[in-house]
Amino acid sequence: MHQLVSPYLSLLNQITWQKCENFCFPSPLVRQWLQEQGSLSLLMKKHCRELSVEVLYNDWADISLFSEKETDLLHAPQRCLLRQVLLSGDDSPWVIGHTLIPQLMNSDLSDNVFKLGSHPLGDFVFQAQYVRRDELQVAKVDTENGVLWARRSRLWMEHQPMLVTELFLPEAPVYVKENME
């Protein structure tokens, strides 16, 4: 499975992000998926019998590995937890998730996410009492195999930030209706 996602992971550093209000959405379906304010995991579960999570990477990383824009959005100290996962619906790869959580004093958020394993991040985040999303950005990613869609946003859980990037792979439901019409 890692051979499948490796080229897509490298795309994450090359994406040119746009604010939603400046983005030309090609269809209402793409707009719905990219602007989803709730749990993407929950939305994905509505389109499959089984949503699975494969952890690709889950460890601490120095902030020097990330772009200035990423660390600015997080007001990051020296280290962040980097969690990369592959979300699949009924064994079809749908989304690569890339999450950064700063290591903050007096916060156990990063430790709790570190322990999630194969559970979706959204299931954990959206059960919290205080959750909000801001800095939502979207992108059209041109690849040799066609266009992919991506989104990035800062999620606040109990007043602690995390930066979540999601790249929609070719078999994701965001493309299904468009291909059938």
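Note that Cβ sites are derived from N, Cα and C of the backbone, with glycine treated the same way.
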Further binder of substrate named by TrEMBL next to R83, E166, taken from the candidates L43, L51, L121, L136: L121
Packing count at E166 (substrate binding site) (other Cβ atoms within 10 Å of its Cβ): 24
For substrate, whose listed binding residues are R83, L121, E166, the greatest C-alpha pairwise distance in Å: 12
